[in-house]
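TrEMBL has this to say about the protein:
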- B:22-44: transmembrane segment (TRANSMEM)
- B:56-77: transmembrane segment (TRANSMEM)
- B:97-121: transmembrane segment (TRANSMEM)
- B:133-156: transmembrane segment (TRANSMEM)
- B:190-210: transmembrane segment (TRANSMEM)
- B:222-243: transmembrane segment (TRANSMEM)
- B:336-357: transmembrane segment (TRANSMEM)
- B:369-391: transmembrane segment (TRANSMEM)
- B:419-441: transmembrane segment (TRANSMEM)
- B:451-471: region 'Disordered' (REGION)
Amino acid sequence: MTVDLPTVWFGLTALTFTIYFFLDGFDFGVGILQPFLARSEAQRRALIGTVGPFWAANEVWVILAASVIFAAFPLWYGALLTALYPLFALILLALIGRGVAFEYRSEVDHVRWRLFWDATSFVTNLLPAFLWGVIMSNMVRGLPLGVGGRFEGHVLGAFDLFTVLGGLATLSLFVLHGATYLLLRLHRDGTLYLRARRAALLWGAAATVLVLAFVYVGFVRSGVFNSLGLSQWLFPAAAALNLGLVWLALTLRRDGLAFASTGLTVVFSTATIFLSLYPNVLPSTLGETYTLTVRNSASEPTTLRLLSWVSLIFLPLIIGYQAWNYYVFRQRVQERDQAIPGGGSGD
Amino acid sequence: MNELFGFSTLDLSRFQFATTSIFHYFFVPFTVGFALIIAVLQTLAYRSHDPKLENLTRFFGHLFFINFAVGVVTGIVQEFQFGMNWQGFSNFVGNIFGVPLALEVLMAFFLESTFLGLWWFGKDRLPAWASLASIWIVALGTTVSAFWIILANAWMQHPVGYALRNGRAVMTDAWAIVTNPKALEWFAHLWSGGLTVAAFFVLAVSAYHLRRKHNVPAFRVSFKVALLTALIGSLGVVAAGHVQGQSAVRDQPMKYAAFSALWDTPTGSQMPESLVALPSNGARANRFEVTVPYVGSFLAFNNFSGKAKGLNDLQREYAARYGPGNYLPWVWPVYWAFRVMVGLGGLMLLVSAYYTWRWRRGRLDDPGRLYPLLLVMPLAPHLANFSGWVATEMGRQPWIVQGLLRTADAVSGLTPQTVLVSLAAFWVVYLTLIGLDVFLLTRTARAGMHGPEVETPSVPAPHYLPEGAAP
């Protein structure tokens, strides 16, 4: 049996993005929710503590996604990043601000200093959560690409009803995902936990409406979701079904189920995007001949084989130690009124 | 070509690449060397069970942590900008260049960020051996990371193991790419450079506290460890640099000639080396120069009769080989950047040798009259790195991939306006980052260790429930 390497690598690209959105999705959500949920310094710290040991490693998945596209589909990489240049520049600046906000916020014990970083954190979590949706919908919709993947469009062309709805859908989905993540991570007796639960109910409603609207617009605009495999509706319907499941889980007070449902929604939504793309990677709106496909934009077999062997060894290892990281910090986070020198220990 | 204030998309993209890479490179070598120093300190603490060494590790670990955050976030930009600004380059080399980048992420980036989190936040949750293993894994990760990046860069300067197919470079011999002799020389140079960056920083901080008699027994240890690291690092930088210069004569003669501002191939029986010169691309000669006989031959060939080719001859050769065009790099910045780098390398070697001598004479606790110099020395390796990158990257222009792809053919078809806006944004953000990093590093370094528990209460310490408590 021969393995179609470009298709395998298209699948792995999709997988990398899926893991990235799943993991960094709740980081974004927690960052966006923080000003709404936390009223005191102790609460703010507790919220940051839920993602503190994890965000950096979660974020590496997007670096992997970029480098996988670069190595396995160089033409896709160049065309996508050039065409959506301003969006990626904004995401990069936001990811810089967010990382620094996480790490530097507590370095100086001063109210204005912390306020500055809280504001930075809010904006820089909000921006990528929205922009990733815009980027993914642009990928599905297609871009005005000419010969050799050269971008022939305008900066503002990235925004229309479909792509903005895509952005709002990811934004709301990530906030919801962050809220259900907090249900797993916060001490159940705290007020924060209750607020997170209310936020999950509220954002669950918002996310459902926005995701359904996005899917509807996608189907109405012919050709956007049409190349989906088995049944066009399968993956979007599964995503929507999972959103329904969140409410059930919240009513039953099943934290694990709630988080699993929002996680699966992220998974199914990302799968919808990539399955509807295949066998293209970046359709051109200027004509079929310019469309980048899995086949015409992939690297040579030598490169793909090498990448396959290395990934076969390292991906399970990475998933293993990242899982262990979550296991080490598995305890729920509790709010404390003040920082205790030497705190953080299991007392 | 479309221009803005006289700058084309190419100019602005190059400036942006230089900006984002050089800023990122203020943090990277620091991380490489610092992780190793901290791993050594923690090993000493682990073996001696000495609380003062544990505190010392924590103290320097905090400084490491402050710096690491900025290193990580500026690294993300590096992964995206090849596609954003250099579409022609990505299309041409993705098959080869993308691989080491992907391997870096798979083998190193995940490792560093996961285990640093475990090490820093898990200080009370992991057994001592696991904590020690974590910091060693971080140190290993930073080194592996540096290796793959250098490998990618070395391929651009000295392409090997490839074939050209449909106007793209494809991999034919992965082993040749991994064992690119350029990459191995440079890795040695850069890794040693990384040691010096961290070593002179730790030296300065330790000297500061030794001078003020704070925690003398602890800071003596960090001073010694840093001093040895500085000595090994500066020796390594100088030795590897010498080897690299000689291989440049063979593989990138144009760059070597620019390093020496050598316009005409020497006519005598030996090659002099210029001490100072004012090179002019317009005149294709030096407006002024002071040269020393025989030194050039020795530096380039380890003998006293070797001669390298001059820029003007190389220009004629390249034009005959690649077609008409200007193949000269902009000589004066390359020449002076190279000299600044070499000078600072020598200074680092002298300072570390001087303090090693004082240590042998039993005068470790007293930084002596060179104390003010010691406090500013952390700037020296940074400046040397900066100049080194300027020399090596400007020295290979107009090529982005030596002999295969010109920088002008690699740039994305963006408008200069688009690039200018992002360039301005990156400058604002990066200057802020540098400012914050320096501010927090000095603040934390000066505060030193307070009492027996150096715990920094400012560190975000999430309060977890005890083991086995009802959730």
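Glycine residues also receive a Cβ, built from the backbone N, Cα and C atoms like all the rest.
Packing against the transmembrane segment (B:133-156) from elsewhere in the chain are residues 28-29, 31-32, 35-36, 38-39, 42-43, 61, 93, 96-97, 100-101, 103-104, 107-109, 111-112, 115-116, 118-119, 122, 126, 177-178, 180, 182-183, 186-187, 190-191, 194, 396, 400-402: each is 6 or more residues past its ends and has a CB under 8 Å from a CB in it. Counting Cβ pairs closer than 8 Å to the transmembrane segment (B:56-77), the top stretch among B:97-121, B:222-243, B:336-357 is B:97-121. Same-chain residues lying 6 or more positions outside the transmembrane segment (B:336-357) and placing a CB less than 8 Å from one of its CB atoms are 196, 199-200, 203, 227-228, 230-231, 233-235, 237-238, 241, 258-259, 370, 373-374, 377, 380-381, 383-384, 387-388, 390-391, 394-395. Distant neighbours of the transmembrane segment (B:222-243): 33, 36-37, 40-41, 44, 56, 60, 185-186, 188-189, 191-196, 198-203, 205-207, 210, 299, 342, 345-346, 348-349, 351-353, 355-356, 359, 364, 381, 384; these residues of the same chain sit at least 6 beyond its ends, with a Cβ under 8 Å from one of its Cβ atoms.
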